[in-house]
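Worksheet: one structure, shown below.
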Amino acid sequence: MVLAEALDLSSKKDESVMENSGDDKKPRNKFVIACAVLASMNSILLGYDVGVMSGAVIFIRRDLHLNDVQVEMLIGSLNIISLAGAAMAGRTSDAIGRRWTMALAAVIFLLGSVVMSVAPSFAWLMVGRSLGGIGVGYALLIAPVYTAEVAPASSRGALTCFPEIFINVGILLGYIANYGLAGLPNHVNWRVMLGLGVVPPIFLGLGVLAMPESPRWLVMKDRNDDASKVLLRTSESRAEALERLAEIVEGIAYAKKKTKNDGAGSSGEGTWREIFRPTRPVRRMLMIALGVQFFQQAAGIDATVYYSPVTFKAAGITSQGAVLGATMAVGFAKAGFVVVAAFLIDKVGRRPLLLTSTIGSTVSLLVLALALEFIGKASGVAHHIAAYSAVIAACGNVAFFSIGMGPVNWVLGSEIFPLRLRAKAASLGVGVNRSMSGVVSISFLSVKNAITVPGTFFLFAGISGLCATFIYFCVPETKGKTLEEIVAFFHEGYEEKTSGPLQLAELENRRKDGTEAPQAGI
């Protein structure tokens with residue numbers, strides 16, 4: 001009911017909302033939150049799959065007699081196959097809109113869940129996994145892009161965290177399903193676990209019917225009147241809505257002129273050539289966005305989540321119930337701290353959260369590796385202390401990940417690119433993210449067999465330390481800036497030295513003086 005009320009888009013309500021400046025803030029916030037919640041339901045698809053597969057694979061292995069290589073393929077293939085979905089999602093969302101791309105993602109994932117739940121063999125499991133992977137690729141790209149384009153600058157960071165929150169909610173739901181259904185017969189429990197994956201896509205498909213389209217996409221398609229209605233409902237005031245509309249129109253007009261001059265048509269959509277042969281500002285955007293995407297997964301978060309039962313068995317926890325219980329504790333830690341990030345991101349900024357996250361994860365991974373190394377040499381009380389330390393360190397790793405690298409990574413990727421390149425760049429970012437996730441999840445069992453479980457986590461700790469260094473030297477602060485101001489930041493070559501937002505008026509004055517090219521809107 002709350003979502004239905006918040007998403008009432010009648011023109012009468014649009015007018016009344018904007019004419020009352022004193023008591024209308026609450027309804028507008030409800031509307032923006034409703035949009036973000038519905039868009040972010042896409043992310044439950046990935047989260048539930050990650051969480052449920054970590055436990056379901058224990059029973060799938062027994063029922064279908066899978067070996068280590070098949071287990072790695074089953075777990076890691078979704079991330080690799082999601083590259084296809086991410087590659088198609090950028091152009092699809094530019095062609096049919098952000099909203100209907102979400103619906104498409106839900107339908108594809110639903111089909112995948114159905115096929116996996118009734119799969120009679122490993123081959124059919126992989127067919128369902130492939131469909132699920134394509135749906136996940138679409139979902140990972142579109143949720144943060146849509147949310148960033150709908151949200152005002154004052155709340156964009158928190159709202160763009162919603163996809164990561166829902167990923168973690170999905171993971172937790174998957175863990176709970178594992179724990180609650182483990183007592184069923186082995187040939188039934190994993191099928192029910194995977195079959196429950198059809199529920200989120202159904203809700204998402206229904207929710208899409210009540211969602212507005214992205215105002216930036218509407219302007220790109222010359223539907224300015226429709227865009228203005230959405231902006232009136234998602235801004236803090238009528239003046240802010242008009243200002244946002246003017247900035248979007250100016251930016252897209254410039255983009256259309258530029259792409260037409262470059263021989264790429266006049267739709268305002270950028271070309272892949274601009275991504276693969278970038279200008280200096282776009283190159284810097286790509287370095288930051290793709291670098292953070294790479295490190296987010298290279299530091300091994302998916303190994304901690306997907307293979308937490310393997311890790312806890314290495315920590316000396318032998319009972320199946322205790323292993324699934326400890327895994328569920330990881331899920332609660334991961335889901336709880338991402339909510340903290342959503343409250344802090346627009347207050348303390350992106351960089352402080354990223355640095356806190358990577359430094360904390362590095363320390364946690366080191367403690368986890370040391371605890372696992374010590375367990376093999378300890379006994380009695382010392383062994384129990386090491387085992388508890390390993391569980392706490394694993395929870396600490398996912399908690400620190402959730403407070404920064406998890407949500408902020410997607411915020412940065414959705415806000416630093418110009419509109420004409422945003423969907424395509426986000427598609428490339430998802431590709432890098434899922435590639436590294438696939439490499440980690442497919443190779444974890446083989447790597448731990450080669451260098452031991454403690455050695456594997458020492459490796460992840462080193463990569464996490466490199467990530468902290470990269471963020472410290474390369475990632476700027478974008479808190480409180482409109483999407484157009486952030487693009488201006490990269491094109492004007494500013495170095496962020498203050499916490500205040502960039503001022504477009506100052507940029508405009510410099511352009512009138514002839515000292516800068518008019519690039520803020522691209």
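Every residue gets a Cβ built from N, Cα and C, even glycine.
Curation plays no part in TrEMBL annotations; they are all automatic predictions.
Database features (TrEMBL):
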TRANSMEM  31-61  transmembrane segment
DOMAIN    35-479  domain 'Major facilitator superfamily (MFS) profile'
TRANSMEM  73-90  transmembrane segment
TRANSMEM  102-125  transmembrane segment
TRANSMEM  131-153  transmembrane segment
TRANSMEM  165-184  transmembrane segment
TRANSMEM  190-211  transmembrane segment
TRANSMEM  285-307  transmembrane segment
TRANSMEM  322-345  transmembrane segment
TRANSMEM  352-375  transmembrane segment
TRANSMEM  387-413  transmembrane segment
TRANSMEM  425-445  transmembrane segment
TRANSMEM  457-475  transmembrane segment
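Below 8 angstroms of C-beta separation, residues 39, 42, 45, 60, 64, 66, 70, 74, 85, 89, 92, 96, 131-136, 138-139, 142-143, 146, 191-192, 194-198, 200-202, 204-205, 208, 211 of the same chain, each at least six residues beyond the ends of the transmembrane segment (102-125), sit close to that stretch. At the 8 Å Cβ cutoff, the transmembrane segment (190-211) and the transmembrane segment (31-61) share at least 3 close pairs (sequence separation 6 or more) and count as touching. Remote same-chain residues near the transmembrane segment (131-153) are listed as 32, 35-36, 39-40, 42-43, 45-46, 49, 77-90, 92-93, 98-99, 101-102, 104-113, 115-116, 159-160, 162-163, 166, 197, 201, 212, 214-217, 230, 234-236, 240, 244, 410-411, 413-415, 419, 422-423, 426-427, 430, 433-434, 480-483, 485, 501 (criterion: CB distance under 8 Å, separation of at least six residues from the stretch ends). Listed as Cβ neighbours of the transmembrane segment (387-413) (distance under 8 Å, sequence separation of 6 or more from its ends, same chain) are residues 144, 148, 156-157, 160-161, 163-165, 167-168, 288-289, 292-293, 295-296, 299, 301, 304-305, 308, 311-312, 314-317, 326, 329-330, 333-338, 340-342, 344-345, 350, 353-361, 363-365, 367-368, 371-372, 375, 425-426, 429, 433, 467, 475, 478. The largest share of C-beta pairs under 8 angstroms with the transmembrane segment (31-61) comes from 165-184, of the ranges 73-90, 165-184, 425-445, 457-475.
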